[in-house]
Each structure stands twice: as structure tokens, then as C-alpha cells.
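Visitor: Encoded as C-alpha cells, here's the structure I'll be asking about.
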Amino acid sequence: MFFRTSSLFTTIVAFTVMAAAMPGNPKPTTTTVTVTAPAHPTATAPASECKTGPVQCCNSVQSSKSPAASLLLGLLGIVLQGVAVPVGLTCNPITVIGVGGNSCSAQTVCCENNNFSGLIAIGCTPINLSL
């Protein structure tokens, strides 16, 4: 009986020491905050006006507040605080020269932030390739 009581006591002490050694607060997570200018209704611009990178062909362009865009932004850890900006979903760069081979059957846009491997582009403005 003494052996079992001492084993139980030793086990309780061991668990107490291990619990005391573990940190109580987890390490804080880092959140990426992307700040863009608030979206204003804009007219379609000519492709030559895209100064932020290549013209993009996006499957859809939605508000950053839409469920699909919010989900992707959240999964990527991107926070757009207090603004609703147009974002392009599933985008590929296209060249304006030689449009015949690089046509876009979806929406052509010029976006401010295209650094997410085509999954999402932030701050998009519609582009007219025929201008």
C-alpha cells in the first residue's frame, strides 16, 4: 500500500512541476495590415494608366467586405481595417501588347497590391484594353 501511495504522490508532483514550467500565455500572433485608399467610384481607365504593375485578368472583382473576399483575406492573414476596397479574385497578369494571345474573358483590372500569387489582388480599378 505504501508503494502505491508514494507512486501517486510522485506522479502528482511531477505533473505539477511540468504544469508550472509551461507558459500560461501563448506567443502573440503577427497580423499583416494592408492599408489602401478608400474606394471611390471610378471610371474605366485605359490600360496605359496602370502604373502599379501588369494589367490583371481576374475571374471576379468584389468588395473586400464580400464573404468570398473576406474569407480569402482572412486565410492569408490580410487585414483591411475600416475600408471596403475592390479586390480581384483569382487573377493572372496579361500584357497589353499582343492582346490577341493574352485575351481576358473575365475582368481586366489594374490593382495596387498584387503580391499574393494571383489568389487575390487588392485595390483594383477596371481597365479597358481597347482604349
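For all residues, glycine too, the Cβ spot is worked out from N, Cα and C.
Because the structure is a prediction, the values reported are computed rather than measured.
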Visitor: If you look at what Swiss-Prot says, which of Cys104, Cys110, Cys111 makes a disulfide link with Cys50?
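Guide: Of the candidates Cys104, Cys110, Cys111, the one Swiss-Prot pairs with Cys50 is Cys110.
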Visitor: Looking only at Cys57, Cys58, Cys124, which is named in Swiss-Prot as the disulfide mate of Cys91?
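Guide: Within the candidate set Cys57, Cys58, Cys124, Swiss-Prot assigns the bond with Cys91 to Cys58.
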Visitor: Taking Cα atoms as reference points, which of the recorded positions Cys50, Cys111, Asn128 is nearest to Cys104 (disulfide bond)?
Guide: Asn128
Visitor: If we check Cα distances from Asn128 (N-linked glycosylation site), which of the recorded positions Cys50, Cys91, Asn115 wins as closest?
Guide: Cys50
Visitor: Cys110 (disulfide bond) to Cys124 (disulfide bond): how many Å between their Cα atoms?
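Guide: Each residue's Cα considered, Cys110 (disulfide bond) and Cys124 (disulfide bond) end up 5 Å apart.
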Visitor: List every residue in the same chain as Cys124 (disulfide bond), at least 6 positions away in sequence, whose Cβ is under 8 Å from its Cβ.
Guide: Gln56, Cys58, Val61, Val85, Pro86, Val87, Gly88, Val109, Cys110, Cys111, Glu112
